[in-house]
Amino acid sequence: MKIVKISPRGYCYGVVDAMVIARNAALDTSLPRPIYILGMIVHNKHVTDAFEEDGIITLDGPSRLDILDKIDSGTVIFTAHGVSPEVKQRAKEKGLTTIDATCPDVTKTHDLIEAKKAEGYHVIYIGKKNHPEPEGAVGIAPDIVHLIEKADDLKTLEIPTDKILVTNQTTMSQWDVQHLMEDIQKKFPTAEFHKEICLATQVRQEAVAKQADVADLTIVVGDPKSNNSNRLAQVSQEIAGTKAYRVADVSEIKLEWLQGVENVAVTAGASTPTPITKEVIAFLEQYDPMNPATWERVRKVPLQKILPRVKVKKEQ
């Protein structure tokens, strides 16, 4: 079996930065305890499990405000997906120490929404409902930001001005966003468009589109909650024309997927730890359909190998 290692794949700079911020927090003895992450720091359970070993508690809930209600003291880390001003204000009112790990690309979108609100615009925001990134973006100006996920959402959308900006969640499929923007332009011809697919998402999607077409199967390594991982599987199927499965790690690979397969493409979401992806590739490289000894699929990567290393500051 030949393995097509799609490149680039895996961690983006925003994810690495967020994890380094959280690791430094875990090592900072001056921070009030306990230390909480408001939702998953990045959408990967292996990462959140590793942080739990570091003493950092990941809390989840329907919204960031709902999660904050569970916290009465300590330190709160805002995730890479960003949060609304209301969440920041609520944390301040509760007397919590806050650390912001928002991805710079997400911050750019927040700044854009604020600037356009000041100019009297309404904003159409393309994103996934119930995902934390759109929650934070809509929360910048909930009175003028309209969240849409698919073309059907446009049918009932009415906006009381011709001053309209269209932007999007950074981890969406660039093809889906383009198609939706074309539909929006037909309904709102005066709209201005500001596509905000982050560069890391874009190049990873384009790599799958260009490199997965030679494979019989694509395996995307990524958490089920990771929107960018799910979009990579979608790109493989819809753009490259190659059947795709998303797995959290090697243990989720089903042997029947590999029957009759000669070429397997492998990629990984932007929040997927590199050792987890390497373990998937190693399994596929040694797999022999005629040798049951090669069929074992057990994740063996220790949690301490998941998180990036950080330098411990020496006391003066």
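Just so it is clear, glycine is given a Cβ too, placed from its N, Cα and C backbone atoms.
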Can you tell which of His43, His46 Swiss-Prot lists as binding dimethylallyl diphosphate with His81, His131, Ser226, Asn228, Ser271? His43
In all the protein chains shown, the tally of other Cβ atoms within 10 Å of the Cβ of Glu133 (active site, proton donor) is 27
Do you see any of the binding-site residues Cys12, His81, Thr170, Asn228 whose C-alpha is within 10 Å of Glu133 (active site, proton donor), and which ones? His81, Thr170
Note the Cβ centroid of His43, His81, His131, Ser226, Asn228, Ser271, the recorded isopentenyl diphosphate site, then list each other residue of that chain whose Cβ lies within 8 Å of it, in sequence. Met40, Val42, Glu133, Thr171, Asp223, Lys225, Asn227, Ser229, Gly269, Ala270
Can you tell me the CA-to-CA distance separating Cys103 ([4Fe-4S] cluster binding site) and Asn228 (dimethylallyl diphosphate binding site), as a whole number of Å? 14
Sorted by position, what residues of the same chain at least six away from His131 (dimethylallyl diphosphate binding site) have a C-beta under 8 A from it? His81, Gln169, Asn227
